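Chemist: To start, I am sharing the structure in question, which I have written as structure tokens.
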Amino acid sequence: MSDKPLTDLTFSSFDLHPALVAGLESAGFTRCTPIQALTLPVALPGGDVAGQAQTGTGKTLAFLVAVMNRLLIRPALADRKPEDPRALILAPTRELAIQIHKDAVKFGADLGLRFALVYGGVDYDKQRELLQQGVDVIIATPGRLIDYVKQHKVVSLHACEICVLDEADRMFDLGFIKDIRFLLRRMPERGTRQTLLFSATLSHRVLELAYEHMNEPEKLVVETETITAARVRQRIYFPSDEEKQTLLLGLLSRSEGARTMVFVNTKAFVERVARTLERHGYRVGVLSGDVPQKKRESLLNRFQKGQLEILVATDVAARGLHIDGVKYVYNYDLPFDAEDYVHRIGRTARLGEEGDAISFACERYAMSLPDIEAYIEQKIPVEPVTTELLTPLPRTPRATVEGEEVDDDAGDSVGTIFREAREQRAADEARRGGGRSGPGGASRSGSGGGRRDGAGADGKPRPPRRKPRVEGEADPAAAPSETPVVVAAAAETPAVTAAEGERAPRKRRRRRNGRPVEGAEPVVASTPVPAPAAPRKPTQVVAKPVRAAAKPSGSPSLLSRIGRRLRSLVSGS
């Protein structure tokens, strides 16, 4: 970014709708930034744009002005229904979508345009009702919008006349490109639809997407002397893993009161670092995928108001968030991707302000440094880790920010936030169920979600399961300790007890409701008894005395019937 972030070109010099000019002026926007000065002359007449500029240079306002002006001065498509959206703005992350929506409402609320914010992690039905009522502009993340378009037909994009893709390179990183292509194919063809694409880097894959789905886009690049903002003072330390927290505390104690962001690489270290800072008296907020969406929004809002001193985050907050007055950005962990380094330090020194970017290159992540320096085309100055820096200075009492005491979340500690997050995640998993459920929510047997401790659904012990019988083994029901087998005659014994290969090819005996089936052998006993089965020594089977009380008459066990049926099928073949 140049030392002069604003140009001499004013918004009033363009042929904008009068209400839009008034809204911009009331919001404090009068002169254009370089990317706005390049974009608006192409986008306002209806041309497609593929724009590249650093974060914090005003890309959001550039496309919002183009979108709103088109909707105000041009009629809608002829086949549009009142509830169909006319414009779609896609962002890769929830935080960026929320930021865009906030900026849009800031100066577009009085223009008569209806905005809808659509993203995951919040009330599904509430967003669906808002879309069904009809909106002019949808600001969304791809995942939730795909669900409304594809699954439930809540919204139709056939009358969407302008589409914006913000942070297109990040769309690729997060795997959203298939979703983007799906949505673009549901809109009018590119000759009718205007498309604006913005990215911090116009890589080959981003340009491929642009030329595939855009109508002869004009490539606009804001030239800079360096990849990183010129007003960011960068420096790097080489601490050991054990020194990182102590060094962070020492540096923070030397910048009391400055709004600070600390970036780490993993969600686990977000909690660990935030807990350490909180124990030393800092008011800390956290942004990571483990924190529920509503809590993330609340913490971000408190940080923007100055009620929180430090925000510890993963790369979920590295792009698109515009937070005024961030003076220090700490890379507690060097990022794996060099582009992420640029986006992280881009949270400070926005729109001509100054800021400091301080990085720690420990033995775990120091291998990323050469790629980062090659990407930004400069060497990052190295500072020594001294004993003085490892000694935190005494903290001065912090003044209470207006409205802080009445904030509902002001008493939330880092431990409370993550404990509630874990409880919420466990409740969500329980609600989804470990296995499938039958009618009424009862668990089905055999679905894979049952208990593994031998207890039934009512908590009582189950009887042991029988081992499946292998072909050729004796039926357990015919063991000597069971009810004896009654043999009709000695001459018939071999036919009844012979091995499977020696049986006569006849229909097996079966019972239906306790009555013999036609063709079955007569039963000597007056009461129904289990059908005879082949013992281990067929030629020596004789009736044996009863050693235990006879079981009540009834059908053979399920396993016995299955085994006999299988043997009959084998012998019949």
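Heads up, the Cβ atoms here are built off N, Cα and C, so glycines get one too.
Owing to the predicted nature of the structure, the values given are computational and were not obtained by experimental measurement.
Okay, these came from Swiss-Prot:
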| type | residues | note |
| --- | --- | --- |
| MOTIF | 9-37 | motif 'Q motif' |
| BINDING | A53, Q54, T55, G56, T57, G58, K59, T60 | ATP binding site |
| MOTIF | 166-169 | motif 'DEAD box' |
| COMPBIAS | 391-400 | compositional bias 'Low complexity' |
| REGION | 391-559 | region 'Disordered' |
| COMPBIAS | 402-411 | compositional bias 'Acidic residues' |
| COMPBIAS | 419-432 | compositional bias 'Basic and acidic residues' |
| COMPBIAS | 435-449 | compositional bias 'Gly residues' |
| COMPBIAS | 450-461 | compositional bias 'Basic and acidic residues' |
| COMPBIAS | 476-499 | compositional bias 'Low complexity' |
| COMPBIAS | 505-514 | compositional bias 'Basic residues' |
| COMPBIAS | 516-528 | compositional bias 'Low complexity' |
| COMPBIAS | 541-559 | compositional bias 'Low complexity' |
Chemist: Would you list the DSSP helix, strand and coil counts for the residues of the compositional bias 'Basic and acidic residues' (419-432)?
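Modeler: Residue counts in helix, strand and coil order: 14 helix, 0 strand, 0 coil.
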Chemist: Specify the count of other C-beta atoms within 10 Å of the C-beta of Q54 (ATP binding site).
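Modeler: There are 21 of them.
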Chemist: Over all shown protein chains, what is the count of other CB atoms within 10 A of the CB belonging to T57 (ATP binding site)?
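Modeler: Result for T57 (ATP binding site): 25 neighbouring Cβ atoms inside 10 Å.
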Chemist: Restricting to the motif 'DEAD box' (166-169), what is the model's mean pLDDT?
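Modeler: Taking every residue of the motif 'DEAD box' (166-169) together, the mean pLDDT is 87.
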Chemist: Who are the long-range neighbours of the compositional bias 'Basic and acidic residues' (419-432) in its own chain, taking Cβ under 8 Å and residues 6 or more past its ends?
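Modeler: Here the qualifying positions are 290-292, 295.
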Chemist: So if I measure Cβ to Cβ from K59 (ATP binding site) and keep only same-chain residues at least 6 apart in sequence, which ones fall under 8 Å?
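Modeler: The list for K59 (ATP binding site) reads I35, T39, G51, A53, D166, F198, given in order along the sequence.
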Chemist: Just to be sure I understand the packing, how many Cβ atoms besides its own are within 10 Å of the Cβ of A53 (ATP binding site)?
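Modeler: Excluding its own Cβ, A53 (ATP binding site) sees 25 Cβ atoms within 10 Å.
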Chemist: For G58 (ATP binding site), what is the secondary structure state per DSSP, taken as helix, strand or coil?
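Modeler: It is coil.
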Chemist: Can you give me the residues near the recorded ATP site, meaning same chain, not A53, Q54, T55, G56, T57, G58, K59, T60 themselves, Cβ no more than 8 Å from the center of the site's Cβ atoms?
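Modeler: Here the nearby residues are T33, I35.
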Chemist: Taking the Cβ of G56 (ATP binding site) as the centre, how many other Cβ atoms fall within a 10 Å radius?
Modeler: 23
Chemist: Among all the protein chains here, how many other CB atoms are within 10 A of the CB of T60 (ATP binding site)?
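Modeler: Result for T60 (ATP binding site): 24 other Cβ atoms within 10 Å.
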